[in-house]
């Protein structure tokens with residue numbers, strides 16, 4: 001009963017699709033027509049919704065490649081009719097060069113007029129194992145509802161329908177018809193269809209009767225009997241099953257009366273051929289619910305007019321920059337439109353990341369690429385290193401990020417606070433870009449410590465806070481004139497440095513001077529580096545002015561290595577040579593330094 005219903009349905013659809021009035025059955029819910037809407041892909045509120053192209057006869061007007069056509073050369077064929085038990089034959093000439101007597105493949109897909117049938121016809125008696133094939137290219141992927149053939153000759157005894165999803169490169173069976181399924185196609189007869197095999201072709205003996213001798217119909221419904229047809233939206237298996245780019249019909253064996261081997265077999269054999277008046281493939285352009293029509297592109301190829309931010313011939317991918325969630329087919333419940341990446345107008349490209357999508361609760365997985373306008377981050381939502389947010393402009397503004405402009409000497413790095421723009425300043429440096437010394441600090445010539453504390457100088461020297469010992473003259477002899485430095489003195493000392501006295505502090509039996517070492521001319525085994533260090537001198541040496549030094553002055557200091565109280569400073573005593581700095585010392589000290597490298601100190 002069900003097969004009869006489907007056969008009648010397919011026949012009605014074949015006629016109705018020519019005038020655009022096809023109605024689907026219960027198993028064809030995916031092909032249900034839509035009422036005319038201003039925008040089929042959006043609802044009355046402008047929200048996306050599933051839309052599908054019109055149902056059409058995809059074969060209409062298309063070329064069909066056939067393996068056999070009568071009339072080349074002209075040949076006789078006979079039409080069999082029955083009057084009671086008597087068979088009558090009316091013979092004619094098939095001649096491809098005469099339009100009135102030709103039966104070309106174009107008649108398969110022309111307008112089917114029941115009152116003026118046009119029939120394609122094969123050569124006579126191409127019997128098994130020879131077959132005749134009809135191959136139809138649909139031009140793009142379609143979701144096929146049915147394939148129907150109306151015959152001018154008796155229907156074949158065995159016939160197969162195939163489909164291709166890759167434009168004819170490979171073929172898979174769609175349906176088999178035969179009274180001997182196992183012998184002809186190695187298939188069981190009317191095998192039950194379950195969810196496990198609903199994507200497989202079955203073989204049936206329906207539609208294989210020889211009668212009627214003309215006008216018989218074979219109609220194959222792609223979803224008839226498939227268990228998941230009622231839930232097509234959620235069945236990728238059936239969505240794939242109904243998809244085709246090409247359809248092929250293979251006629252495998254003719255029906256005969258068994259008289260082809262009798263004495264008048266030539267006349268009988270001229271009565272056996274395949275003739276079809278109409279080939280129809282009912283279905284819709286496959287657009288996955290994201291287009292309401294198919295159009296011709298610049299290459300004259302048939303493609304979907306994609307909506308919902310989708311792209312591709314079948315709207316089977318998201319269009320560029322709309323990768324915030326994965327592509328999905330539209331359903332009756334959800335349009336599943338593609339969503340643009342959120343890049344705050346600072347990027348033109350993005351990619352999809354499944355891990356981020358899952359972590360977001362399946363809401364957002366887009367990652368922006370090549371953020372512009374000095375922005376960075378997954379959404380180009382913060383400023384890149386070396387820039388900070390201008391809070392007076394929205395993040396979408398081209399100039400939302402301003403350069404830090406951190407001072408190359410005063411700042412400890414090139415990055416700044418993303419909110420305030422404050423650069424990280426070195427000790428004693430202040431300002432949003434670290435471009436000036438803080439209160440209580442003064443500028444130095446050192447790029448390492450550009451600002452140093454202003455020392456609080458004692459009234460005269462450090463020795464003023466301590467009475468001069470009575471035996472000072474016997475302890476050391478303070479210099480009372482200009483000191484001279486020569487190569488011999490240079491070589492006798494362990495270190496030679498240019499220092500700037502910053503401040504002095506009493507520390508028990510010692511005076512601790514904070515000095516800035518400007519240049520190192522000799523260091524021996526001492527680990528003396530440029531920058532701020534401690535200079536330790538015993539209180540007795542200071543009291544006896546051996547050596548005599550004053551804060552805020554610059555000196556050339558030559559001394560011997562000795563352990564200091566803090567293990568990181570240098571020590572000077574009465575034997576040290578302390579000379580007030582003059583710029584000429586720099587040239588002389590470098591000269592001594594070069595001679596030392598040449599081994600002159602050993603000779604001295």
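Using the three backbone atoms N, Cα and C, a Cβ is placed for every residue, glycine included.
Residues or ranges marked as signal peptide in Swiss-Prot (evidence: sequence analysis): 1-24. Residues annotated as domain 'Laminin N-terminal' in Swiss-Prot, with sequence analysis given as evidence: 47-284. What Swiss-Prot lists as N-linked glycosylation site is 95, 116, 131, 417. According to Swiss-Prot, the disulfide bond annotation covers 119-152, 287-304, 306-315, 318-338, 341-350, 343-368, 371-380, 404-416, 406-423, 425-434, 437-451, 491-601 (among others). What Swiss-Prot records for 285-340 is domain 'Laminin EGF-like 1'. Per Swiss-Prot, the feature domain 'NTR' maps to 472-601; the stated evidence is sequence analysis.
Comparing the disulfide-bonded residues 304, 315, 368, 416, 437 by how many other C-beta atoms lie within 10 angstroms of each C-beta, the top residue is 315. In terms of Cα distance, none of the disulfide-bonded residues chosen from 368, 371, 423 sits within 10 Å of residue 304 (disulfide bond). When Cα-Cα distances from residue 341 (disulfide bond) are compared across the recorded positions 116, 368, 371, 406, 416, the shortest belongs to 368. When secondary structure is read from DSSP and collapsed to three states, residue 601 (disulfide bond) falls in the helix class. The Cβ neighbour count for residue 601 (disulfide bond), using a 10 Å radius over every protein chain in view, is 16. The closest partner of residue 315 (disulfide bond) among the disulfide-bonded residues, by CA position, is 119; the full candidate set was 119, 406, 423, 491. Nearest by CA distance to residue 338 (disulfide bond), out of the recorded positions 287, 417, 434, 451, is 287.
Of 119, 131, 318, 404, 601, all annotated as recorded positions, the residue with the shortest Cα distance to residue 350 (disulfide bond) is 318. Most Cβ neighbours within 10 Å among the disulfide-bonded residues 287, 341, 434: this distinction goes to 287. A 10 Å radius around the C-alpha of residue 406 (disulfide bond) takes in these disulfide-bonded residues out of 306, 318, 425, 601, in sequence order: 425. Across the domain 'Laminin EGF-like 1' (285-340), the model assigns an average pLDDT of 96. Around residue 451 (disulfide bond), the same-chain residues at least 6 positions away in sequence with a Cβ under 8 Å from its Cβ are 410, 426, 427, 428, 429, 437, 438, 441, 442, 443, 444.
Listed in sequence order, the recorded positions near residue 306 (disulfide bond) (C-alpha within 10 Å of its C-alpha) are 287, out of 131, 287, 343, 417, 423, 425. Rounded to a whole number, the C-alpha distance linking residue 491 (disulfide bond) with residue 343 (disulfide bond) is 68 angstrom.
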